[in-house]
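What TrEMBL records for this protein:
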type	residues	note
DOMAIN	11-461	domain 'Peptidase S8/S53'
ACT_SITE	Asp19	active site, charge relay system
REGION	78-98	region 'Disordered'
COMPBIAS	78-93	compositional bias 'Basic and acidic residues'
ACT_SITE	His92	active site, charge relay system
DOMAIN	264-337	domain 'PA'
ACT_SITE	Ser422	active site, charge relay system
DOMAIN	537-637	domain 'Subtilisin-like protease fibronectin type-III'
Amino acid sequence: AALFPESESASEVVIGVLDTGVWPESKSFADTGLGPIPSSWKGACESGTNFTSANCNKKLIGAKYFAKGYEAALGAIDETKESRSPRDDDGHGTHTASTAAGSVVEGASLFGYAQGTARGMATRARVAVYKVCWIGGCFSSDILAAMEKAIDDNVNVLSMSLGGGMSDYYRDSVAIGSFAAMEKGILVSCSAGNAGPTPYSLSNVAPWITTVGAGTLDRDFPAFVSLGNGKNFSGVSLYRGSPLPGKMLPFVYAGNASNATNGNLCMMDTLIPEKVAGKIVLCDRGMNARVQKGAVVKAAGGIGMVLSNTATNGEELVADAHLLPATAVGQKSGDAIRDYLFSNPNPTVTILFEGTKVGIEPSPVVAAFSSRGPNSITSEILKPDMIAPGVNILAGWSGAVGPTGLATDTRRVDFNIISGTSMSCPHVSGLAGLLKAAHPDWSPAAIRSALMTTAYTEYKNKQKMQDIATGKPSTPFDHGAGHVDPVSALNPGLVYDLTAEDYLGFLCALNYTEFQIRSLARRNFSCDASKRYRVTDLNYPSFAVNFDSVMGGSNVVKHTRTLTNVGSPGTYKVSVSPETPGVKISVEPQTLSFSQANEKKSYTMTFSGSSQPTGTNVFARLEWSDGKYTVGSPIAISWT
């Protein structure tokens, strides 16, 4: 973090967060050492349930709530159940806002787990909160109204850990609001979604949105399962409370302690108390929330839980602040533990909690839940754009709810550890704020380009980044350009820039009607009938190439790109690696020379494909380098 210049200009940046609101008392929003509110700021703080403008300060400079759509659909907000104000009763919004721009807080932890100094990505940036999500969900009309307000308020970055529709851009309120933000020079960072590892599971894929997937950190919270047969299996847990008795304990499989057909899942009221009382219970993942399963075991008289992944989650371990002594294990361990339970007449077990461990390798790995490409709306735009930390992230929390979010959880915490692309998105929002402070003249596309072309896809030991879902190297459909590298992004050498006109040309290339363009861009724009618009000409920092596997004639795809010099003068040479079976890739010209700042140079990349079976994917990487800077782009080639 010391490498990052937190200059005074960083305190001029405002990050708008659309979410469940904010817990203003969180230390993450303390304004110690911050100067006056930026003069460009036009926003305000709105009063409502348990919230007044006095809850704002020089850190939290804006707070509004948007409920017209919500109330039109579901009736008046019940203020005994949720705050009709910017106050966060859920925790999610406080967590995302403090991740993006939380102030430095020493001695932060969750029950002693992940102890240390908490800091947002842009610790000196200002925060403006727009509450659009309620108990009943987040309504499109409220999201759009909040985005319009944020644009008028003069935010510099919009962070939106929401969305999830798969409708075309002109029908997607997040895409529509983001287009207007982009026109005003505001970068919009969105979650890729938590629907992985299924292919085509992405949301928020418009090219004017920065789409962020999730990876792990090098930190873990190990809790071992120790069986009566002497075997140990590693799991993870954030349980902190009265310990288990220091001896081996009776162990039962939930499926054998229930009359329900899905009794193994530990759903509400499915366990038979006589069969689980005083025992540790093995529950399988699926259907209900992980922490809910523990609550069910506890309610039935069980004294602990082992939570087993199934094929859906594989070896991915997500830590939870369970309500009883519990740990979560991967699928392979779960299968072995289940075998033991089925084969031993008197199975016993205990759980050993190990606290916080750092230096875990390999890291980062792509999270299994992180939504995956290809892009289901425009297959020629590679998404996600990048990944950032999204597993077991410590950040601020609401004082109105426990760390599990369950109504039965009476514990209250200042910080919580949770997982999701909702956590990775604000990391990128905060980094975008820092880049905006360092380079005030950069467009949202230039900032995203800098983050993408400097991202990494291999570890320090040169091994390729792993996907936890497969145990194999991840691909651009999983990690996009790679994992963000904040320090390199500050000085990328060259950027791929884009303007609103470029995006309008992209809509023309999609054969949008004037009505559809008007729905999205909210202006009259006619495509030029004499011009040939191509999606492959959009100046995007990545490449998705689609070949028809049933070949009629030649399979040749051309992409044109333009690079803008934002570094020192230099001559850049191109390289493409590794070899791509079934495709010949040529770049013209092979060198680009830049002598001055903001100079632009173009190149064309030609992909010549031979016939391959449907569903074949080939991946490569393009790099332009002058010896000082390396400007990288992922390439994904698919036969459909």
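Cβ atoms are placed via backbone N, Cα and C, with glycine included.
The two recorded residues, Asp19 (active site, charge relay system) and His92 (active site, charge relay system), have Cα atoms 7 Å apart. DSSP labels the residues of the domain 'Subtilisin-like protease fibronectin type-III' (537-637) in these numbers: 1 helix, 60 strand, 40 coil. When averaged over the domain 'Peptidase S8/S53' (11-461), pLDDT in the model lands at 97.
Geometry remark: His92 (active site, charge relay system) versus Ser422 (active site, charge relay system), CA distance 8 Å. For the domain 'PA' (264-337), residue counts in helix, strand and coil come to 23 helix, 15 strand, 36 coil, using DSSP. His92 (active site, charge relay system) counts 23 other C-beta atoms within 10 Å of its own C-beta, drawing on all protein chains shown. Counting residues per DSSP class in helix, strand and coil order gives 7 helix, 1 strand, 13 coil for the region 'Disordered' (78-98).
Taking a C-beta cut-off of under 8 angstroms and a sequence separation of 6 or more, Ser422 (active site, charge relay system) has the following same-chain neighbours: His92, His95, Thr96, Ser161, Leu162, Ser191, Asn194, Gly390.
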